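Copied over from TrEMBL:
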type	residues	note
TRANSMEM	39-62	transmembrane segment
TRANSMEM	74-92	transmembrane segment
TRANSMEM	98-119	transmembrane segment
TRANSMEM	131-149	transmembrane segment
REGION	161-210	region 'Disordered'
REGION	222-246	region 'Disordered'
REGION	288-318	region 'Disordered'
COMPBIAS	303-312	compositional bias 'Basic residues'
DOMAIN	451-650	domain 'FtsK'
BINDING	GLY468, ALA469, THR470, GLY471, ALA472, GLY473, LYS474, SER475	ATP binding site
Amino acid sequence: MAAFLGLALASYSHLDPSINRVVSQGHELGNMAGLVGAYASGLLVDFFGVAAWFWPLLFLYFAAASLTERVSLAWWRWVGIVLVTVSVMTWAESATFKASLALGGVVGGGLFGTLLFGVSQTLLRPLGAGLVWLFLFLFGLQLAIGVSWSNALRRLRDNMQGAAQSPKERSVRKGRKPLASDDDETIDVAPVGGRRVTGIPPPPEADTPVVFDAPGLLGRTAREVSRVPSGEGGSSRGGDDLFSFPSLFGRERDEEKMEEPSFAFENEEAPSIESVADDFAFEDFVEEPREASDASAPAAVKAKSRPSKSRPARTPALPRIDLLSPVVQTRSPLDKERLKAMALDLVSCLSDFGVKGDVTAIKPGPVVTMFEVKPAPGTKISRIAGLADDLALAMKALAVRIDAIPGSDAVGVEIPNETREGVALREIFESEAFKGAPSKLALALGKDIQGRAYVADLARMPHLLVAGATGAGKSVSLNTILLSLLYKATPDEVKLLLVDPKRIELSVYADLPHLVHPVVTEMPLAKSALEWAVAEMDRRYQAMALLGVRNIESYNQKLPQADIEAKPQLAELAPIPYLVIIIDELADLMMTAGKEAEMSIVRLAQLARAAGIHLILATQRPSVDVVTGLIKANFPTRLSFQVTSKHDSRTILDMGGAERLLGRGDSLFKPSGGKVVRVHGAYVDEEDIARVVDHWRAQCPQSFEVDFEAWAQEQAGEAVEGEPGAMDADPMYREAVEFVSAQGKASISLLQRRFRIGFNRAARFIEQMELDGMLGPQEGAKPRAVLRGRE
């Protein structure tokens, strides 16, 4: 598009046809882009005049931005470009600049330039209008390319002062003395920067391009400019002559004197070619300091490199929305007549079962349609809810769900649509509900029954329990949750700990820089991961106590203003990111390390919210031995997909209804203390996930914070060997001591069966109790005797 518009404008002719211009049939078209180019260039010139040339440049920028993520302009640069464009349009309409600003066949400022010129002439008169537009042009230029006009004026003044003096006077002012060669001949050399030095042979020409960084331009990449060789007896200016004001980018001038002459004067920065920073730089270039020497020269020629200032690390960019597949609309047109017929059939079916009522509203959605039925006075809701299977049979529906509508005297009857509409994750991400969510832990769950995007905040939940049968959409929901976090937060803001017993569900996220540890697939390592999370929670609470705050948000806000001089221990503190722990299959973890895993999960669920640690547990078997009472009590927020029985629905939701869902992402979301909401989960395929993961992998190197296996070995080494009371900090050890005191005997197998722990841990408990003087020595195969109770 940029090339097409450039060609159309370059060959523009006011004699060609356009929207506002009609020509005879025999006219020969002069535009090289054809009739379309003539119309396009005519439209742009009519509206913008010479400023129409900014449009090809704009499309060129968009093309570069679509090829790489590092091409971006700050908002203030866009403001500067707009100001420059408006100023050029207005000047091009004035009689003074109309001819000089003409580009090819494009003359004038167009419709907008004419309007702005007329208004400014009327309100400000010619002199005032000229001053205002000159100010706006210079201000816009400063915003667009970062020009410092104060430095430019100072450089101009210095050049004018230097031009008024002779070369000898400039040398004396600089403290430089002319030096004669051995044959009393003087050789003039004009080094880069235009300062003439006598008595030094010219340096050898270098074909290698010289690159210098221009500080002060937001850390952009410098361009390469070839060195201009100096000729004999002449003044070959490089460097400063390439630009009008080379020091307008902040280069300081050194006025110190030198002791011995050299090409790069001692105690002075080597004259360098300043380059214009490129806003479309793709990667930062670092120039290494160089040292050059020539053995044939009477003095060594050395260039002292400028000390580089360390720039702050660039904040990684969040993924673009176009990494996800485009939304394909699959919703069929709304058939109002059919909906009315279904409403009449529903009323008739209810009447057949002895329930009188009327349909007061119909709310079609992407997957189901809800009919609001107002029953006759005296009708019990339980009686209507008990007719769900009968209504499904009568209405020829897959499943019917009936629930009371809060704040209304009607009952909602949800009947599946004949044609189901797909819910794309990109559509949820593009909604205002997700884009406007301020939380870094906003989760795009899907759409409600009315087709509105449904977004929940994990920070407020603060933990989530997910359940669903095989194929119901549980794994896809975990993917949408993970992508929601990846689209909202950088690795410095949110860390992830993924546990995947199935080994394949979360393997696509193995390259994420957000991970604190590689994806955990072994259950013994998962137990260590949960224990590490508990220790991390305690560490975070200690850091927050030092700073005197109550949650992670206040900690990160107050940390930059901490008074390190008053409290030296605060110097070791660092910002704390959120930590989201996702366990894909809780049942496997509970079977291998049930009691230990349950205790860690419960402790995290009870205490970890303020520390910024959040749990998401998923299981396809929501039985009472997996989702225990302690876990349910500390996970008030639940998300249930289709389950196999009403018993499983009551286990996960404390109510029935999940067994009547439709599968493929159809779910019931129960927020903490709120009403159950039916949500149709969004779908995302593996290719979209891979593109998002590649986006983060290309920007941030992967660096793991902990090795769970080494951490577990370190903790085990510190636990026992040694002194009485070494394991008092372990809450399970204290429970084991109380249990042994009550039983009056102790053995390793007894502790294994009671607390569902491994042999090694049970053996350490027994050895520690013996060190504490509670148990007697081993007597064959008999249990150990309890010598005294817990003190």
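Just so you know, glycine gets a Cβ as well, placed from its N, Cα and C.
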Protein Cβ atoms within 10 Å of THR470 (ATP binding site), excluding its own: 10
Protein Cβ atoms within 10 Å of ALA469 (ATP binding site), excluding its own: 20
For ALA472 (ATP binding site), the number of other Cβ atoms found within 10 Å of its own Cβ: 25
Cβ-Cβ neighbours of LYS474 (ATP binding site) (radius 10 Å): 25
Number of other Cβ atoms within 10 Å of the Cβ of SER475 (ATP binding site) across all protein chains: 20
Site of maximum Cβ density within 10 Å, from binding-site residues GLY468, GLY471, GLY473: GLY468
Non-site residues, in chain order, whose CB comes within 8 A of the mean position of the CB atoms of GLY468, ALA469, THR470, GLY471, ALA472, GLY473, LYS474, SER475 at ATP: GLN620, PHE641, GLN642, GLY663
Per-region confidence, the domain 'FtsK' (451-650) (mean pLDDT, whole number): 91
Where LYS474 (ATP binding site) falls in three-state DSSP terms: helix
DSSP-derived structure type at GLY468 (ATP binding site), helix or strand or else coil: coil
